[in-house]
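Enquirer: Sequence annotations record features per position, and here Swiss-Prot assigns Zn(2+) 1 binding site to His55, His57, His121, Asp138. Among the features that Swiss-Prot reports, Zn(2+) 2 binding site is placed at Asp59, His60, Asp138, His176.
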Amino acid sequence: MLTITAINAFNDNYIWVLQQDTQQAVYVVDPGDVNVVLDYLNAHQLTLAGILITHHHRDHTGGIAALVAYVEQTTGHTLAVYGPQSEAIQGVNIAIEPQITQILHLPFLNSPVQVLSVPGHTAGHIAYLVDGALFCGDTLFSGGCGRLFEGTPAQMCHSLRLLAALPAETRVYCAHEYTLANLKFAQAADPSNAKLKAYNEQATALRAQGKATIPSTIGLERSINPFLRGLTPTIVDSIKQQFCDQDLSNVDELTYFTLLRQWKDIF
């Protein structure tokens, strides 16, 4: 069985730890903070088998160099660091071109890891899918999606469609605890969504207890996330009201997605 554990970092980051059965060697996803990772490894008597990086932002990559140095000093081995080839991330020594390398077979993990190209938040953003668990970095959040720092709306829209097409039971391990803020916007865009209202109540209760709202599931996100709900009439109506100065009488789904993301940016 693959066990997935969250390490809290910074204000709202999650660094994910992947451990197969009782193996002592584990993988971490997007270790922005070296100290919390080392504290976790030492507290649980674990060793680091490798690092999986989704994109180049510092809060996801800041711990790479120190973790590589730590493994070299303590074991004499070179730590495997996987990441997107197109983003030229310092410390990544196994660069992945997702159009070429779509499956990784990693030591200490029983199941293959699928690599998905999901540009939008950054130009070369990738995601990892293993044992029904999706590590999607800053592409898909519960109730929302990442800002478009480098990619285009068309790229992000395509990436989200790709993720939305995964099986409903796929667990979504995003990299930030943004859920409540996202749901506040989601309810403004989709005010009559009863499932969204119920999920907001559930998420609010979890956060009040200091618990994570992550993982979500693809099935849940399809029902509550406005960025996965396409041309849902209530969302279209909300966008038209927000952008009432524009003629939206005959536009496509991408235009609505673009406007929805612009609205979220200023919400």
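Glycine is no exception: its Cβ is also placed from the backbone N, Cα and C atoms.
Show me how these features fit into the structure around them.
Expert: According to DSSP, His121 (Zn(2+) 1 binding site) sits in a coil region rather than a helix or strand. Long-range Cβ proximity for His121 (Zn(2+) 1 binding site), meaning a same-chain Cβ under 8 A and a gap of 6 or more residues, is found for His55, Gly137, Asp138, Thr139, Cys145, Gly146, Arg147, Leu148, Phe149, Glu150, Gly151, Met156.
Classification of His60 (Zn(2+) 2 binding site) by DSSP places it within a helix. All protein chains shown were included, and the count of other CB atoms within 10 Å of the CB of His60 (Zn(2+) 2 binding site) stands at 24.
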Enquirer: Let's check the environment of Asp138 (Zn(2+) 1 binding site): how many other CB atoms sit within 10 Å of its CB?
Expert: 24
Enquirer: Are there residues of the same chain, six or more positions away from His176 (Zn(2+) 2 binding site), whose CB falls under 8 angstroms from its CB, and which are they?
Expert: Asp12, Asn13, Tyr14, Asp138, Phe141
Enquirer: Here are some binding-site residues: His55, His57. Which one has the most Cβ atoms within 10 Å of its Cβ?
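Expert: Compared across His55, His57, the most Cβ atoms within 10 Å surround His55.
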Enquirer: Cβ within 8 Å of the Zn(2+) 2 site's Cβ centroid: which residues qualify beyond Asp59, His60, Asp138, His176?
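Expert: Result: Asn13, Asp30, Gly32, His55, His57, Gly137, Ala175.
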